[in-house]
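Colleague: Dumping the structure here so I can ask a few things about it.
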């Protein structure tokens, strides 16, 4: 090895030096800084370009405004501009404008499309049965009204007739049937369809399908009909396609005088339909009312909360009656709408009232309950000095002396802690059981349907424990519970000052309304002076009841109380009957008596300590439950209380609670 020499061609070996951690991280940081500088430079350049573009836009805008000011055009308000709006150019030549309309009718689905845009589609199960009606503006083609009438149910055909009669001449009418629409389609409705030019509508049969397009007072533009082949089946689906020529804007407008009221009217009538003479060109119905002031009005500054949803035609009718009542203060009225629906707010604006919308909370009964809570809370927040609030619903007619009735009785709520509310509604006040508009009662139930609520009761008791959104409870049933009422009573009139006209709602249909609401008596006499109002205070009322029972003639208990002959053919007398009532919640006989008297019998209402007061044959009729009522002492020793046994319940028959 002594003679070994390294090759001159091989590079000398040297140990590889490992890069330190410091140099490694320095290298990485240098690269990151370079990337960051590059991004920052790009961002600055982008901002510079944006600033330059914006400056150019501002200069162009100023130049355009300057040019416009040199040649100004007459200023146009909303209503004038609306009249000159042209709809989009439809197919056709020249000035002829045409809508393409499709209408579909079947067992489970209906739809309407206008120029390819679906304006109605209903395929929900167990909903939307009956005749769907759409109204289009004949000049613009926009939808002015959408309604569905369940003409399988009673009285819905009457509502349809009323609506169609209120549509202005010239409007485009579209009708289509879902499921079944003929069962309660009476002759009056068929005659109206015939007058519109329909051939199939008046002959509509069980489960037929039908689609119709026409102008009111003008030609039929298309119609299709499929007859059901058997009772157990439906007609084939029909699809109607037709052209609808549009008319000029001049034909669709009214030329009212330019006033603030008419501007409100024009705004309303250009958007919606089905409100009759309020949109008449020749003689429109007033939208401002001047009822007589109420002397010594004790409810002048009491806020009025109108609880509403998406039933604008109901709201329109209700507000007209409310604003016509003597002593009304429009500035105290607030309409609370459950949801952001446009047409109810249009109705509110038409009358120049305050409207508040809010997002619905909950479903079904819970949604209604939360709507009431939100509305009541908002009312007392809007009027922090108010001691009371009047609560109304959108489906009530209001009597002309509604505020007079409240003005004469509201002091009772201040002076008597044993009172829960004052209500304008008598649950048992039917045409054949109510007689005296000056007479008041105390009752253990809370009727609602036009009532006065004390602020302290709501803020201190009800609001803190109001049912939460997940509880599917009816708010009024909750308020009637003993835990809320706590032995307190409500003041009601013998003759109601409100009338429940609504037949469409969460817990309402035509059958139910026909049975329990249609024949309620409603006061139409103005200026009624209530009699002996202070006798409604707790102690005084007991004196009054004992006086009545002492003067009352005991009826013959061997007779059937359901027969007309049970009461003599007299007038102005006071009679009393004693029925079996073993304990406070034993209402077996009363329920059967209420049923045969054709008054409210689904649960117990209108009673005071086991006593019911009503009229029969214009005689004051008292019913006392024995032995539960303290007034049982007035029963003659020899008399036997009347007992009416309920009929045996049929197997599978629904109970009262299920029927409501």
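Cβ atoms are placed via backbone N, Cα and C, with glycine included.
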Colleague: According to Swiss-Prot, which listed range is region 'Interaction with O-glycosylated substrate glycoprotein': 284-292, 473-481?
Modeller: 473-481
Colleague: Among 125, 129, 147, 194, which is the one Swiss-Prot gives for the carbohydrate site where 179, 207 also bind?
Modeller: 129
Colleague: Among 338, 427, 534, which residue does Swiss-Prot name as a further UDP-N-acetyl-alpha-D-glucosamine binder in the site formed by 307, 308, 309, 310, 311, 371, 394, 395, 506, 507?
Modeller: 338
Colleague: Name the residue range among 38-58, 59-79 that Swiss-Prot annotates as transmembrane segment.
Modeller: 38-58
Colleague: Can you count helix, strand and coil residues in the region 'Interaction with O-glycosylated substrate glycoprotein' (600-605) using DSSP?
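Modeller: In the region 'Interaction with O-glycosylated substrate glycoprotein' (600-605), the DSSP-based counts are 0 helix, 0 strand, 6 coil.
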Colleague: Counting every protein chain present, what is the number of Cβ atoms, excluding its own, within 10 Å of the Cβ of residue 179 (carbohydrate binding site)?
Modeller: 20
Colleague: Taking residues 6+ outside the region 'Interaction with O-glycosylated substrate glycoprotein' (506-512), which of them lie with a CB under 8 Å of any CB in it?
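Modeller: Distant Cβ neighbours of the region 'Interaction with O-glycosylated substrate glycoprotein' (506-512) are 150, 153-156, 184, 364-365, 368, 474, 659-660.
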Colleague: Give the distance between the Cα atoms of residue 129 (carbohydrate binding site) and residue 307 (UDP-N-acetyl-alpha-D-glucosamine binding site), rounded to the nearest whole Å.
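Modeller: Here the two Cα atoms lie 26 Å apart.
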Colleague: What is the three-state DSSP composition of the region 'Interaction with O-glycosylated substrate glycoprotein' (473-481), stated as helix, strand and coil residue counts?
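Modeller: For the region 'Interaction with O-glycosylated substrate glycoprotein' (473-481), the helix, strand and coil counts are 6 helix, 0 strand, 3 coil.
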Colleague: By DSSP, what is the split of the region 'Interaction with O-glycosylated substrate glycoprotein' (506-512) into helix, strand and coil residues?
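Modeller: With helix first, then strand, then coil, the region 'Interaction with O-glycosylated substrate glycoprotein' (506-512) has 3 helix, 1 strand, 3 coil.
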